[in-house]
Amino acid sequence: MESGLSARDRVGVQDFLLLDNYTSEAAFIENLRRRYKENLIYTYIGSVLVSVNPYRELEIYSKQHMERYRGVNFYEISPHIYALADNSYRAVRTERKDQCILISGESGAGKTEASKKVLQYYTTMCPTRNNTQSIRERLLQSTPVLEAFGNAKTLRNDNSSRFGKYMDVQFDYKGAPIGGHILNYLLEKSRVVHQNHGERNFHIFYQLLESGDGALLKRLGLDRTNPQQYHYLVKVRPSLCVCAKSNIVIYSCNIGNCPRVSSISDKNSWKVVSKAFTVIGFNEEEVEELLKVVASVLHLGNTQFGEDEYGETHLTTEMPIKYMIGPLSLEQAVSARDALAKAIYGRTFTWLVQKINQSLAFQVSALKCSSVIGLLDIYGFEVFQNNSFEQFCINYCNEKLQQLFIELTLKSEQEEYEAEGIGWETVEYFNNKIICDLVEEKFKGIIAILDEECLRPGDACDLTFLEKLEDRLGGHAHFVTHKLANGKIRKAVGREEFRLLHYAGEVNYNINGFLDKNNDLLYRNLKEVIMMMIEGFTLLSCGQAATQFKLSLAKLMDILMSKQPSYIRCIKPNDAKQPGRFEEVLVRHQVKYLGLMENLRVRRAGFAYRRSFEAFLQRYKPLCPDTWPNWQGKLSDGVSTLVKHLDYKAEEYKLGRSKIFIRFPKTLFLTEDALELKKPTIGDACLSAVIMIQSWWRGVKGRRRAKRRRQAADTIRNLIKGFILRNEPRCPDNEYFLDHVRFSFLMTIKRNLPKSVLDRTWPRPPPSLTEASVHLHRLCIRNLVNDYCRKIQPEWRNQLEQKVVASGIFRGQKDNYPQSVPRLFVGTRLENEEINLKVRQTLGTDNKYGVVVTKYDRHGFRARPRQLLLMGSGVILVQESKIKQRIDYSSLLGISVSSLSDGFFILHVPPADSKQKGDLVLQCDHVIEAVTKLAVMADKIHSVNISQDSIKFAIARGKEGVIDFTYGAELRVVKTKNGHLAVVRIIQSHTKPINHLDKILSL
């Protein structure tokens, strides 16, 4: 930062602490003006960042700028919001103490943009974790959603935040953002039903009407072609007109005074909001439900009222709604309708914030929130021509923040002085606790009196509230009314106003509407109708709004007090939103209510400038021969030597434990000017040093090149000699070559490892590594197989296990096994619909596998179609709806198949078993699959017998049958004269087809 002091006459100083006349408000504003004219919108007051809205895009927010400020000392380069953001982040990482950044200023000063820039810095520059990338996007995309529902166009700002927002950004122990949480304060609900001339309702209404899908608008009952028909979107409130004949109240409005609803920005903004909804995690149904509430508010605004012949008020609307008759006057009915609209929108906004918080909450159980940086984007001090309940709450909030600001600033100053061992001098300042107590003190403050008046029986109204204020607070130095004021002040305070003398100045508050806004009540019967219409919808009284806000504010103060604060004070240079225009009167007003002069005075009560010994010595060491070019001793001794050489007076500075403190800016300016004069001499000295270093470096490089040439020649010589003697026993003359060959072979293997078990390529090894090469190849293939088995999915694992069993039983034993290898085993060959319903009801759901088979009678060998079902406990043979035979796995003796390519298999059962009629002779087109599954389920893998020529099987009553298997010209199954069953198969080639799966199974 000191580098900018040389141009201070043109661009001012980068830190207001360095102003000579620091008590002069004019000097303060002139420094702001100089910097603003040069597009230098950021200036420090110590650790406080003052930001002036440029009203245009500046090329200072790129990723390159972020990199420039990352990890750099706060004062090392020019002031920037990234410097403050990075300083807070580094404090979180190094000190492990939660931080908060307080952003304040009036509407249009750039608070929201400042908050976005800080959030953008954290989501871009912080470490990245694969499982938290979505959180970064959600943190960024929460802003456009909240702006759509909580921001509006005002006279001062096209995108004014009409609510206060505090966001916690949560970081893990590595400093990666892993979550967030938002608290919202005091949404301006009155804007839903009324806007001042030249202002608009919340953005979402216009975005929906302008860019909402046509089908969606139709479902919501909205009309894009005539947006002026919605009374809540009209600048001038509709007037009540009574028809003399029917006594029906109707609305009229001047369409010419309606604000322009459609704009390019509304179209583009809606696209951004729609994308943001998706990123945050809203589905289409949730978005439409949310928009239904928005549409309901518009329809509610179009509700009309009339009186019947009995004087009762009726409610009518174009949308379907419960019919309602109530004992309300027309004015009460309109007020009740507006109260309902505000309540619905307020509850919806609260629900929206809760939904966003659910999205921002970090979900990964392994992650633990280590630290937090809070961002407070809060409304600034407001002084309008007509100030009401909302301005009272906002300015009360600013009083509390100012109180916290001064307390924490003094505390920070005192802690730094004590840490450095420098005596602390008591600083006199205006303590605005007297104003805070005037507003919030129990039983005595304005809020307590307001609640008391709202709750007391009788005819309480705004005027009685004012009278009670005058009675209770009449002698307070910071409270004035028309009745209590003297002649001069009385003219400036209306009869329905009271004046508070805030720290930032005097503000008159009009008491009209204070009680209604504080009550925030709905009529009981209206709540009952709404609850009947919407299941689970509760719309209870908010209680006392001011008290609730006071409690929320107290919690916010506790949050901020628990964190280490940083401050961004935003200033609006003009009301016309024009770049380059600097209105001194407007800026002076903001400097006053932001308390910047008070903050500057507190910081300058001691020392204007402080730097670490290392930074101070590094910059100014050329000014002293004893410290130039390098100081070899202790840093504190080096700084002491330097300041003595510069002839600093004792009252101008003090040395702490790790920092130097300079009291007067003039001392620093003289030091900086001396450095500027010294730079040419330093440059000449540096040039001589550079020439000397270059000469030395050229010599070093030349010697290195010569050494490399000698080493290269020696290497080539050793390789040639080793190649000539490569077949000789190992000796000093060939060991270099042999080692080189072995190393090259191993590196070749490393670079060309097989990618799968089917890859048979392997480099040829040198003679000395033949055995090692075989061992390495086996290890590599084994690792590939193990890796493949670990990654395989459960269903494929089961498939592979069955194929391995089949390989163990049939490989090399049965002719048609090779053809079965590439065919996958299926779960079952019979669907439920193919099995008779009666059978399914009898057997239940225990069926594991089913297949169509042909059963051959034991005597005549007659072929009969059957279904074979493998159950959990046994084998079932089914004929249509009948269960023909059941064999338990425990009684199954074994399974026999032939070595030919036929599909016959025999199930052997105990001859003495009276329940069985003998062994089962079956034929199946999927014999390999069926026998494998049966062997696995019955645990008979080792009881499968494969016969070469014939198979004997048992017939009832001790008799025995025989099946003969032979090759022939055609496929035949016949009974021979000797009573045997002859199975003739066509001769097939025994050459195994090349099959990848079989290769894997063989491994």
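Cβ from N, Cα, C; glycine included.
According to TrEMBL, the domain 'Myosin motor' annotation covers 12-676.
Summarising the annotation, TrEMBL assigns ATP binding site to G105, E106, S107, G108, A109, G110, K111, T112.
DSSP labels the residues of the region 'Actin-binding' (553-575) in these numbers: 9 helix, 8 strand, 6 coil. The region 'Actin-binding' annotation in TrEMBL covers 553-575.
According to TrEMBL, the domain 'TH1' annotation covers 814-987.
On the 0 to 100 pLDDT scale, the region 'Actin-binding' (553-575) averages 91 in the predicted structure. Cβ-based neighbour count (10 Å, all protein chains) for K111 (ATP binding site) stands at 27. Sequence-distant neighbours of T112 (ATP binding site): residues of the same chain at least 6 apart with a C-beta under 8 Å from its C-beta are T143, E147, N151, N159, S161, D377. Taking every protein chain shown into account, G105, G110 are the binding-site residues, and of these the Cβ with the most other Cβ atoms within 10 Å belongs to G105. Excluding the listed site residues G105, E106, S107, G108, A109, G110, K111, T112, the same chain places N53, N157, S160, G380, C570, K572 with Cβ atoms within 8 Å of the centre of the ATP site Cβ atoms.
In sequence order, S51, N53, G380, C570, I571, K572, Q590 constitute the residues six or more apart from A109 (ATP binding site) in its chain with CB-CB distances below 8 Å.
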